[in-house]
């Protein structure tokens, strides 16, 4: 089992601006040098999606056709624009207003340094990105079109890295817009932050969130063939340490857990879903609250999963899994549980009763175990037990419905090793030190109304989520090393005013 490559068959279109004023020879050089730039970026190995150079854009009609075609082509997940020469910005208006794909403005040039001894007006006319990109940047800003801006010579690895992160965010955006979320049951009773406007979520994120009766999952459970279950158990044996009792007296429990995973996967695939949620209060005739199956959703299938009906976090986990494809680490549901206030070692323990995924990286091989669970009213569930491996500059991301809009909240964190063995804790767990410190992080998180459920990503960090939020047009409040409570509170107040004005009709 392996996650499908979300970048395969996808493209980012590269549009270069100029105008007919410069003549045939200059435009020939523009096309040639543009091809060299795109070839170099593609060869860098830092951008997971192929860049495709399109014919030089020299007129309003040409720009509009380029943008309309990009918007209509499902293989195109984003557009990069660069002005090799001066390109009058009025000719970009109709095209930019027709664009429905993420946009990146690249501010680069073909030459690395000014040719001090030979530069003449022919060179100046041909190489004036510093001129043309300012004209173009003005019109994009005037039109209010969100875009990422990357500045630097195209041979600089940092430039390719920034484009690569943005390309991952573009893939996350496409995954969001094609996402079907399967809810087995509804929200956990009386819980507030996991609720949300599913209709508005489809408008904003493109994700379709719907409910399937738990009885349908029970029927799928009954229909699973024995050979599928046994094949899955062999996969467990290959990837995890297994507690001896699960291969002996408790083998039936392992068989049931594998059967539940098969049923969930079969239903998800049959309905084209890439994220799912369940609720321990609504299990019908299922023998166990699903544990190992949901834990494997991100790591084995690239799907999102969250518990207790929390579809918003499931959406984030799917987006995080797509953005981080091919990188070390991954994405998982996480939940803030307990603080460590020891001076110098202030940290947060995150966990969940069953569903944290090993996709985020583990210190040792995950171990399949069986333990009692005091909620759900079902048989003892089988789950993977592990500790998340240390990782600097990871992030935890929350999505909350704050009445008038969705707010994404992100904290940059360093995942660290625990200070003890945690031998008696029968669930997956992570320890992290939040930036700038525990006190300020927690105060700001509470101030912003952040959820106790988050998506932890150890593959992509802050920049990818910032790019995603910009593409989605969603507020992102970030807590990092520079955050102070006073400034953070002011930023939230400014966001409130901004969105209040923006939502007036």
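Note: Cβ is positioned from N, Cα and C throughout, glycine not excepted.
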Residue from 328, 335, 369, 435 that Swiss-Prot also lists as binding Mn(2+) with 308, 352, 453: 335
Shell of the Mn(2+) site beyond 308, 335, 352, 453, same chain only (C-beta within 8 angstroms of their C-beta centre): 306, 307, 310, 313, 333, 334, 355, 452
Long-range Cβ environment of residue 335 (Mn(2+) binding site), under 8 Å and at least 6 residues apart: 350, 351, 352, 452, 453, 454
For residue 453 (Mn(2+) binding site), the number of other Cβ atoms found within 10 Å of its own Cβ: 27
